[in-house]
Each structure stands twice: as C-alpha cells, then as structure tokens.
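> Below are the structure tokens for one structure; questions will follow.
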C-alpha cells in the first residue's frame, strides 16, 4: 500500500458502490473521512488510524474490540486496512444484514478458527455484551441474567460450545443479542 493508492478513481468508486451497500455518493463521503484519518497519507489505515477512525464514530465502543475488528477486516493480513477493506467493514457493520453481522462477530471471537466458540471465546463475547449493555444504561445484573439465558438458548445441544450454525440461527432471532453485541 503506497502513495499510488492515496487517490480514489471513478472506477474505484463504481467498483465499491457495486460491491457494497453504499451509493457512489456515500463512497465518496466515506473516502473524504478516510483521508482525514489517514495521517501518513499512504492510502491505508494502520491499527492506530483505524481505531481513531472508529472511535470518532463509536466513542463508547471498547478499544480492544476495535482491535479485533481490525484483525477481522485486514483481509490480506498486511497489518493495514485499505479503503476497499474499510468499505467492506463499514458496509457490513452499518448496512449489512443481521446474518452478515453475526458471521463477522463469530469469526472475530472464533480465534482458533475451529467453527466453534469455546468457553473462553464465549466469555470474551459476554464481556463485550456487558460493556455495551452498561453503556446503554442497563444494570449489570440484568444484563448478566439475560446473557446467561440467551446463551443457554443458543447452545441447543447443551455441550457448552456454540457452533457457528447455532450462533447464526439463534442470534438472528434475537434483536437483543444484536443490540448487546453493538450491532
């Protein structure tokens, strides 16, 4: 990612418009924001720039979760997020279906890429949910009770593991889960 990527061409805007949920005008506006936060002007965000960009949009979102988002959307594992990767991220987060959002979140927390959320991975997701719930003014005790019941419902086979299928199927049925996951 070098200086050659620091300008967005008309064909880039058209490509992103066709491959995201954004209009050409929205792509151009997002690009203007992107340039403001691309402090070194190299046409991509490093981790710090990415976090600052998202903090400007989601000030209460925990930084460690923004770092997880960075890892999830760094599709080429270059430790940078170029504009196309950013628009995919924003498209899913902002305009994606509940299923798209749940898939991304599952992938973020399934660190070992096993297709199963193990207890440690579920505990990390629960911590995020508690933070979001508290930031929405809910009591920690009420959130904890809701989350425990929700995860009991999601874990259909009661093996204390949550498969991708269980998470997507039950998660899509729970608007409260989506809210507590910050999506």
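Cβ coordinates are placed from backbone N, Cα and C, and glycine is handled just like the others.
So Swiss-Prot lists the following for this protein:
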BINDING   74, 76, 78, 80, 85  Ca(2+) 1 binding site
BINDING   110, 112, 114, 121  Ca(2+) 2 binding site
BINDING   155, 157, 159, 166  Ca(2+) 3 binding site
DOMAIN    25-60  domain 'EF-hand 1'
DOMAIN    61-96  domain 'EF-hand 2'
DOMAIN    97-132  domain 'EF-hand 3'
DOMAIN    142-177  domain 'EF-hand 4'
LIPID     2  N-myristoyl glycine
> Find, for the listed binding-site residues 110, 112, 121, the residue with the lowest Cβ contact count at a 10 Å cut-off, counting only other Cβ atoms.
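112, out of the binding-site residues 110, 112, 121, has the fewest neighbouring Cβ atoms within 10 Å.
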> I need the least crowded one of these binding-site residues (76, 166), counting other C-beta atoms within 10 angstroms of each C-beta.
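It is 76 that, of the binding-site residues 76, 166, has the fewest other Cβ atoms within 10 Å.
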> Per DSSP, what is the residue tally for the domain 'EF-hand 4' (142-177) in helix, strand and coil?
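Per DSSP, the residues of the domain 'EF-hand 4' (142-177) fall into 25 helix, 2 strand, 9 coil.
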> I need the least crowded one of these binding-site residues (85, 157), counting other C-beta atoms within 10 angstroms of each C-beta.
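Fewest other Cβ atoms within 10 Å, among the binding-site residues 85, 157, is found for 157.
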> Sequence gap of 6 or more, C-beta under 8 Å: which same-chain residues meet both conditions with respect to residue 155 (Ca(2+) 3 binding site)?
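Once residues fewer than 6 apart are set aside, residue 155 (Ca(2+) 3 binding site) is near 161, 162, 166.
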> Counting by DSSP secondary structure, give me helix, strand and coil numbers for the domain 'EF-hand 3' (97-132).
26 helix, 2 strand, 8 coil
> For the domain 'EF-hand 2' (61-96), how many residues does DSSP put in helix, in strand and in coil?
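Tallied per class, the domain 'EF-hand 2' (61-96) gives 24 helix, 2 strand, 10 coil.
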> Sorry to bug you, but what's the C-alpha spacing from residue 74 (Ca(2+) 1 binding site) to residue 159 (Ca(2+) 3 binding site), rounded to the closest Å?
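The separation of the Cα atoms works out to 32 Å.
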